[in-house]
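Asker: Grabbed the feature section from TrEMBL, which reads as follows:
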TRANSMEM  15-34  transmembrane segment
DOMAIN    27-265  domain 'Rhodopsin'
TRANSMEM  46-66  transmembrane segment
TRANSMEM  96-115  transmembrane segment
TRANSMEM  136-157  transmembrane segment
TRANSMEM  177-200  transmembrane segment
TRANSMEM  212-232  transmembrane segment
REGION    311-342  region 'Disordered'
COMPBIAS  325-342  compositional bias 'Polar residues'
Amino acid sequence: STMLVHRPEFLPEIWFLYAVGTFWLILRFFVRIRTRGLCGLEPDDAFSFLVLICWTNMCVGIQITYYTGAAVDYTPEDMVDFTQSHLEQVEYGTKLYFMTMYAILMVFSLKGTVISFYERLAFCNWQNLLLKWTKVYCVLGFIAITCVLSFSCWPYSRNWAVRPYPGLECTAKPQFFIVLSCLNASGDALLLCIPIPLFWRLRLPLLKKIGMVILLSSGIFVMAACIIRVSLTVVPDVSLRIIARWGVRELSIGILAVNTAALRPSKPFFVLGYLSILFPLEPSPDFRLFLHFIPIAILYTSTNPLLLQCSTNPSGNPTPREKATTSSPRCTASNTSSRGTT
């Protein structure tokens with residue numbers, strides 16, 4: 001192994017975030033199966049299962065490549081004196097690193113979870129149209145980013161080549177991260193715009209409406225993490241550790257923000273989020289700052305009235321209280337009881 005990738009806080013951080021994300025996904029499945037049964041699961045549950053598979057595959061790959069290293073960690077000058085066995089080890093790690101990049105399926109599965117959830121809600125006509133275009137955009141975006149990953153370095157075997165050195169476009173792949181971040185952030189922005197107008201249809205005091213919009217806007221942190229990630233992974237001296245660390249951070253927040261909608265609000269969720277700040281090991285300073293945003297993602301989704309209504313009212317029919325507090329039931333509740341609600 002190489003000292004280039006050895007940081008004592010790296011693997012504990014990765015597996016801590018993996019444990020939090022996996023716990024959230026398992027908790028989602030438990031709640032959904034308990035309330036809907038196996039036969040009542042929806043497409044968003046299938047997307048969440050894909051997320052769990054990709055999430056596990058990516059973190060296991062990071063664990064292995066932490067010890068083997070990858071071509072992105074070295075310059076051609078570094079590898080001049082490498083033995084044949086060391087070169088084979090780095091090549092193996094580079095293959096695993098390249099395979100984990102196909103976890104982009106996880107990014108778009110998270111979007112698929114949100115889209116499938118939105119399809120069970122009754123939006124206004126323009127919102128339904130925007131939702132359809134968002135689905136098309138996400139499908140085309142997934143195809144585009146897969147093509148960029150697969151064909152931007154050709155022949156295909158150069159993606160894991162070690163000697164001769166294939167160049168940064170094959171090792172660090174800055175073009176891949178730039179395209180992924182643009183598609184990811186723009187897709188999140190579209191999904192964020194769809195439910196916002198519903199807040200202004202609720203008969204609530206203006207200050208409460210403003211507060212809810214602010215909470216909803218905390219989803220912008222996911223996009224901010226995406227932008228930070230790409231800004232730190234397209235520099236010339238990037239390492240596998242930096243790429244993996246910010247990738248896991250961004251996706252863990254995405255898992256929390258997306259799947260909390262399937263859970264009923266509960267104080268333990270908030271306690272868990274704030275206890276995450278008291279991580280018993282010695283995290284890096286930027287990770288400690290990152291942990292403070294986990295409760296924000298939880299707070300955002302568990303206080304969203306639109307999401308809570310559909311998670312706590314499985315019948316899909318508005319309650320007397322909802323009828324009294326909404327001016328347009330069609331735009332705030334699900335009318336399709338045959339399809340179920342989250």
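Using N, Cα and C of the backbone, Cβ positions are placed for all residues, glycine too.
The model shown is predicted, which means the values in this text are computed figures rather than measured ones.
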Asker: Hey, does the transmembrane segment (46-66) touch the transmembrane segment (177-200), meaning at least 3 C-beta pairs closer than 8 angstroms, sequence gap 6 or more?
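Answerer: Between the transmembrane segment (177-200) and the transmembrane segment (46-66), contact is absent.
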Asker: Using a Cβ cut-off of under 8 Å, list the residues of the same chain at least 6 residues beyond the transmembrane segment (46-66) that approach it.
Answerer: 1, 5-6, 10-11, 14-15, 18, 21-22, 25, 28-29, 93, 96-97, 99-100, 103, 105-106, 109-110, 112-113, 116, 240-241, 244, 247-248, 251, 255, 258-259
Asker: If I take every residue in the domain 'Rhodopsin' (27-265) and average their pLDDT values, what number comes out?
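Answerer: Overall, the domain 'Rhodopsin' (27-265) comes to a mean pLDDT of 85.
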